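J.: The structure is given below, and queries will be raised subsequently.
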Amino acid sequence: MSGFNFGGTGAPAGGFTFGTAKTATTTPATGFSFSASGTGTGGFNFGTPSQPAATTPSTSLFSLATQTSTTQTPGFNFGTTPASGGTGFSLGISTPKLSLSSTAATPATANTGSFGLGSSTLTNAISGASTSSQGTAPTGFVFGSSTTSAPSTGTTGFSFTSGSASQPGASGFNIGSVGSLAQPTALSGSPFTPATLATTTAGATQPAAATPTAATTSAGSTLFASIAAAPASSSTTVLSLSAPATTAATPTAGTLGFSLKAPGAAPGASTTSTTTTTTTTTTTASTSSSTTTTGFALSLKPLVPAGPSSVAATALPASSTAVGTTTGPAMTYAQLESLINKWSLELEDQERHFLQQATQVNAWDRTLIENGEKITSLHREVEKVKLDQKRLDQELDFILSQQKELEDLLSPLEESVKEQSGTIYLQHADEEREKTYKLAENIDAQLKRMAQDLKDIIEHLNMAGGPADTSDPLQQICKILNAHMDSLQWVDQSSALLQRRVEEASRVCESRRKEQERSLRIAFD
């Protein structure tokens, strides 16, 4: 049937159905279905399913009904799928997640394919029909979280799922929240895959928890996906948008890619995110392994269903992530030592400069202190001078007052003398006395002038007798003239001595001549 059906049929419907179907073995239908059928119908299902006997999986895209068989539910599902795997756009929530209808717990479901926004425990989205418990290659765009225990292989595509099983070698774009469960399912699909990564996914994510389980790495980018650890997994290459929640205990390999992780972290886990050109190393808590991750993390929250649903028992808390942290290459000891030496030299230079400035400031301080003391002493001296000046002013005032009193006393005496001057006659003795007094005054003035002249002569002689300046040409001429004078005086003295000797010799000769003449006269007589 391929149309709009508002009645109830037992056959697979391929359109919009709002009736209630009876239990019958049907085949998968394609289209939009709003009825409740016992089989995996394709389309929108809003009905309540009856308990069918045995059905086959539907392969349609949108399914909003509640299916009770172990077949897959394809499409939009607004009911609760107890135990079935859908391959459509799933907005329903499986057993442990959000529930829009009240149903009992169901066994493990298969993978949901296509575009899933539900939060199943672990459902691998398959574009086609899948009836077995083993997960097949998912092909689609899934925002749901799937729970399955089937082993999964390398997946490729864009994944927004949240699973608990680990798929080895999944490559694509993962935005789901990945949990942990036993035995990964082999997934191999197209660009949008419900890859449920069980360990540290690509991007710069390296979660670590206290539970020692085997951890793997994934190369790619994880956004919005919570990744949990699985017992055995391998490297997955996806563009994952999930937040890792693995509990890695064994040594893990380096991851490379682009990741945006949720800050919900395990108690002892730490996630380091770096750019694609930087390599960092994070160590796990209570483990002995480290993982070098290279990628870019934007730290977004994982997709957690809102509603009265129970969280999967196998899921662990997500690990915290450090956002946008960029670390460069590690510094070597030689570089560190060179930096320390450089800083030491700079510190010594600054210390010497500081000591020089401190010495100069100390000298200035001493100078200021000395000048302050000098100013203080000068101020004291000025105060003393002010006191002396005040005392001198007082004495001068006293002298002025005394002089004024003396003038007051002399003025009447002078007046009386003037009055009596006309009547007094001077005697001869008084006149002589007056002349003698005037003569004494003249002699005293002359003596004073002579004393002043003598002082001038003495000063002139002292200046002349002092050491003469040899550079003065006048002094040199004076020396030459003095030498000539000395020579002339010596010649004069020598000539005077010779004159005396000549006179003596002439007297002796004269005396002998006279004696000879006397002797001759006596002889002739």
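Each Cβ is built from the backbone N, Cα and C atoms, and glycine gets one as well.
Pulled the feature table from Swiss-Prot, pasting it below:
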{"type": "COMPBIAS", "residues": "269-293", "note": "compositional bias 'Low complexity'"}
{"type": "CARBOHYD", "residues": "SER471", "note": "O-linked glycosylation site"}
{"type": "MOD_RES", "residues": "SER2", "note": "N-acetylserine"}
{"type": "MOD_RES", "residues": "SER411", "note": "phosphoserine"}
{"type": "MOD_RES", "residues": "SER421", "note": "phosphoserine"}
{"type": "REGION", "residues": "260-293", "note": "region 'Disordered'"}
{"type": "REGION", "residues": "331-461", "note": "region 'Required for centrosome localization'"}
J.: I need the CA-to-CA distance for SER471 (O-linked glycosylation site) versus SER411 (phosphoserine), whole Å please.
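T.: That separation, Cα to Cα, works out to 67 Å.
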J.: The residue listed as 'O-linked glycosylation site' has how many other Cβ neighbours within 10 Å of its own Cβ?
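T.: Around the residue listed as 'O-linked glycosylation site', other Cβ atoms within 10 Å: 7.
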J.: What is the total of other Cβ atoms whose distance to the Cβ of SER411 (phosphoserine) is within 10 Å?
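T.: Taking every protein chain into account, the count is 10.
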J.: Provide the three-state DSSP residue tally for the region 'Required for centrosome localization' (331-461): helix first, then strand, then coil.
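T.: Summed by class, the stretch gives 122 helix, 0 strand, 9 coil.
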J.: Helix, strand or coil for SER471 (O-linked glycosylation site)? Use DSSP.
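T.: DSSP assigns SER471 (O-linked glycosylation site) to coil.
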J.: Tell me, roughly as an integer, the mean pLDDT over the region 'Required for centrosome localization' (331-461).
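T.: Looking only at the region 'Required for centrosome localization' (331-461), pLDDT averages out to 93.
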